[in-house]
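Q: What follows is a structure written as structure tokens; I'll ask about it next.
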Amino acid sequence: MMSVTPIPALSDNYIWLLRQDTSQSVCVVDPGEAAPVIEFLERESLSLDSILITHHHHDHTGGLAELIKRYSPHVIGPANSSIEGIDEAVGDGDEIRIMGRLFDVMATPGHTLDHISYFTAGIPALLFCGDTLFCAGCGRLFEGTPEQMFTALKQFAELPEDTLVFAAHEYTQANLTFARAADPENEDVKHALEECEKARALDRPTLPSTIGRELKINPYLRVNTDSVRQAAGTQGANDNDLATFTTLREWKNRF
Ligand code: ZN
Ligand code: FE
């Protein structure tokens, strides 16, 4: 059984720590900082086996150099990227093995062009999607096109509904506040926002989510519903799913 623990970092990042059963050797995803990872490993007497990287942004890679120096982990990250310290450069369709478990690499460009995500089937299935899919939201388009991001999100929507979604940021509250405007008739969004506010007041993570939950509350996965399409229509084009998605993403930037 693989357990996944959040290590909060920077202002709103989570560095996810993967541990197989009671193994002392673990993996972290997107270490934007080294200090909180080192602190966690020391406290729990763990060693660092490997690191997964989703994309080149500093808040996902800033801790790499120090962790490499200290633990010499096996570092897996995107090919065609400027990231320094990667041992195994991977791309769409590649399979990797992390602590005995097989992960599929999915190219998920949009937020950045080098962005990849990691999925492992099983009970439960796990998805590490960096800054592509967030709880009730999706990443900003810094490098890619709306079409690329929309394609990535549609791939995620096809994954098993009980897949646990480990996004890299605690953006849920802002995303759900936007989702109330973008999907105004959705009662699930309303309830999710209430739950989220309670969790955040207690400083609890709102992640992981699940694919099933995202299909219910994430407006970017619901562009084919009347509620979202009509709301998008008040802000811009909504004549097809991609147009609705594009309008939503631009609307969120100025929301
Ligand atoms: Zn990013
Ligand atoms: Fe980020």
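Along the chain as shown, residues are numbered 1 onward.
Cβ atoms here come from the backbone N, Cα and C positions, even for glycine.
TrEMBL entries are annotated by machine, without manual review.
Pulled these features from TrEMBL for this protein:
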DOMAIN    12-169  domain 'Metallo-beta-lactamase'
BINDING   HIS55, HIS57, HIS111, ASP131  Zn(2+) 1 binding site
BINDING   ASP59, HIS60, ASP131, HIS169  Zn(2+) 2 binding site
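I'd like to know what surrounds each of these features in this structure.
A: In sequence order, HIS55, GLY130, ASP131, THR132, CYS138, GLY139, ARG140, LEU141, PHE142, GLU143, GLY144, MET149 make up the list of same-chain residues 6 or more apart from HIS111 (Zn(2+) 1 binding site) whose Cβ falls under 8 Å from its Cβ.
Of all the Cβ atoms in the protein chains shown, 26 others lie within 10 Å of the Cβ of ASP131 (Zn(2+) 1 binding site).
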Q: Could you state the whole-number distance in Å separating the C-alpha atoms of HIS57 (Zn(2+) 1 binding site) and HIS169 (Zn(2+) 2 binding site)?
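A: Each residue's Cα considered, HIS57 (Zn(2+) 1 binding site) and HIS169 (Zn(2+) 2 binding site) end up 13 Å apart.
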Q: Specify all same-chain residues, apart from the site residues ASP59, HIS60, ASP131, HIS169, whose Cβ lies within 8 angstroms of the center of the Cβ atoms of the Zn(2+) 2 site, ordered by sequence.
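A: Going along the sequence, the neighbours appear as ASN13, ASP30, GLY32, THR54, HIS55, HIS57, GLY130, ALA168.
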